[in-house]
Amino acid sequence: MVVKVINRSAYELPNYETPLAAGMDVRADIAEGIVLAPLCRALVPTGLFVELPAGYEMQVRPRSGLAAKYGVTVLNAPGTIDADYRGEIKVILVNLSDTPFEIKPGERIAQIVVARHERVEWEASETLSDTARGAGGFGSTGR
């Protein structure tokens with residue numbers, strides 16, 4: 001699939017790091033570092049603008065290394081970029097650790113995944129079909 005992209009950053013376009021990767025890393029398009037204090041968030045620009053085909057979305061997801069090593073993740077994960085959005089892709093990062101974290105210019109801050117999606121048409125109803133699970137949730141099948 002070909003997706004139109006405008007890259008106003010100083011960095012290369014996102015690319016797949018391995019042959020079977022689902023996501024591509026996006027970079028912070030900032031002139032100088034941003035210090036993210038513990039339990040604080042920042043809206044970080046990427047310099048990327050995309051035109052997705054109808055029926056597709058772009059998901060903005062955390063990078064596992066940033067989350068595991070530093071407690072830094074995408075606050076609204078997964079963030080959704082709709083096919084009709086034409087603004088800059090930005091990433092809401094949050095520092096869940098007890099240590100300040102510096103986001104450096106060009107640092108890989110999140111990953112993006114392009115996925116097909118369906119649109120639903122609601123059918124109002126008073127009942128739903130029975131299942132073995134029923135309304136069980138929130139740990140009802142075990143810890």
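Note: Cβ is positioned from N, Cα and C throughout, glycine not excepted.
Noted in TrEMBL for the protein shown:
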BINDING   Arg63, Ser64, Gly65, Asn76, Thr80, Ile81, Asp82  substrate binding site
DOMAIN    12-142  domain 'dUTPase-like'
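For the domain 'dUTPase-like' (12-142), DSSP puts the residue distribution at 7 helix, 46 strand, 78 coil. Put simply, the two farthest-apart Cα atoms among Arg63, Ser64, Gly65, Asn76, Thr80, Ile81, Asp82, the recorded binders of substrate, are 26 Å from each other. Of all Cβ atoms in the shown protein chains, 11 besides its own fall within 10 Å of the Cβ of Asn76 (substrate binding site). Annotation for Ile81 (substrate binding site): same-chain Cβ neighbours under 8 Å, separated by at least 6 residues, are Val50, Leu52, Glu57, Met58, Gln59, Val60, Ile89, Ile112. Counting Cβ atoms from all protein chains shown, Gly65 (substrate binding site) has 10 others lying within 10 Å of its own Cβ.
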